[in-house]
Amino acid sequence: MAHWLSSSLVLLLCFAISTIAKPSSFSFKDNFDVMFADDHFKTSSDGQVWSLYLDKETGCGFQTKQRYRFGWFSMKLKLVGGDSAGVVTAFYMCSDLGAGPERDELDFEFLGNRTGQPYTIQTNVYKGGVGGREMRHMLWFDPTEDFHTYSLLWNNHTIVFFVDRVAIREYKNNVAESNDFFPNEKPMYMFSSIWNADDWATRGGLEKTDWKKAPFVSSYKDFNVDGCQWEDPYPACVSTTAEHWWDQYQAWTLTDSQQQDFSWVGRNLVIYDYCNDYERYPKLPPECALHSD
Ligand SMILES: *[C@@H]1O[C@H](CO)[C@@H](O)[C@H](O)[C@H]1NC(C)=O
Ligand SMILES: *[C@@H]1O[C@H](CO)[C@@H](O)[C@H](O)[C@H]1NC(C)=O
């Protein structure tokens, strides 16, 4: 504990020096702020890999300085290995800095597991503070062994969750008149964080976090945003220019090859879909009628 804290100071110092000596391609400080627990955040000496630490005291998180409305948001993550039951790492976009009651949110959540048991990835969509739209997938690789890319495509027609460029979830804006379920008005920050969720995450809360294994570490690199940075006044982020490919017609639906991958994922890797959960929703939410095909 004390050891990694002091080495993190050294690393932070190196980071400061290296950014002065050599302007790096991408700087954490220019684009992000640590949200909480600065001493649980570390960067590699070249500044390119960031790590979040969770121990019994606290987790940690960071957020973009800017808000965006629509675009492509992507990050490489390497998740906590070994015994990670109870630990959740999230990569998400949210309109609020706190968990406000009216927030819009798009979530990737990685739910840890006991050693050798597979991670699951949970996604969710909130509109105006209303979520409850979970899906859970198995992955086709071990996300703790190496970095993999997790991305969101967001425009006014669709929200697509990608893993290594494979579309795992598509959330469409198909009801022209009603806008109760599709987040498209509020600009969002991008966040990532690690925390203890052993009250629900692993086998419904039965598997508890083993604090003897702390600290738990998730690592990040290659943040990439190609989106519309929000500027007041609204609606500064509506664009029709060809550079803004994420808004263009081609990005409103999946391509044929994306559709093939997506169908394969749907047949093989989905372990939970709220749209099939009739116990929870005897009357399914309206968007469920639209997204099945
Ligand atoms: C987004 O789509 C809605 C329909 O769901 C439409 O009313 C609205 O004008 C569109 N907004 C933009 C910015 O294209
Ligand atoms: C953990 O592993 C068990 C057993 O393989 C599996 O049923 C479960 O979905 C996994 N993930 C979580 C988050 O519990």
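Quick reminder: no glycine exception, Cβ is built from N, Cα and C everywhere.
Feature annotation from TrEMBL assigns active site, nucleophile to Glu105. Look at TrEMBL and you will find Glu109 tagged as active site, proton donor. The domain 'GH16' annotation in TrEMBL covers 2-220. The feature N-linked glycosylation site is assigned by TrEMBL to Asn113. Annotation source TrEMBL lists signal peptide at 1-21.
Structural mapping of features recorded in TrEMBL.
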residue : record                      : CB count, 10 Å
Glu105  : active site, nucleophile    : 21
Glu109  : active site, proton donor   : 19
Asn113  : N-linked glycosylation site : 21
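Separating the Cα atoms of Asn113 (N-linked glycosylation site) and Glu105 (active site, nucleophile) is a whole-number distance of 25 Å. Ligand 2 lies within reach of Asn113 from the recorded positions Glu105, Glu109, Asn113, judged by a C-beta closer than 6 angstroms to any of its atoms.
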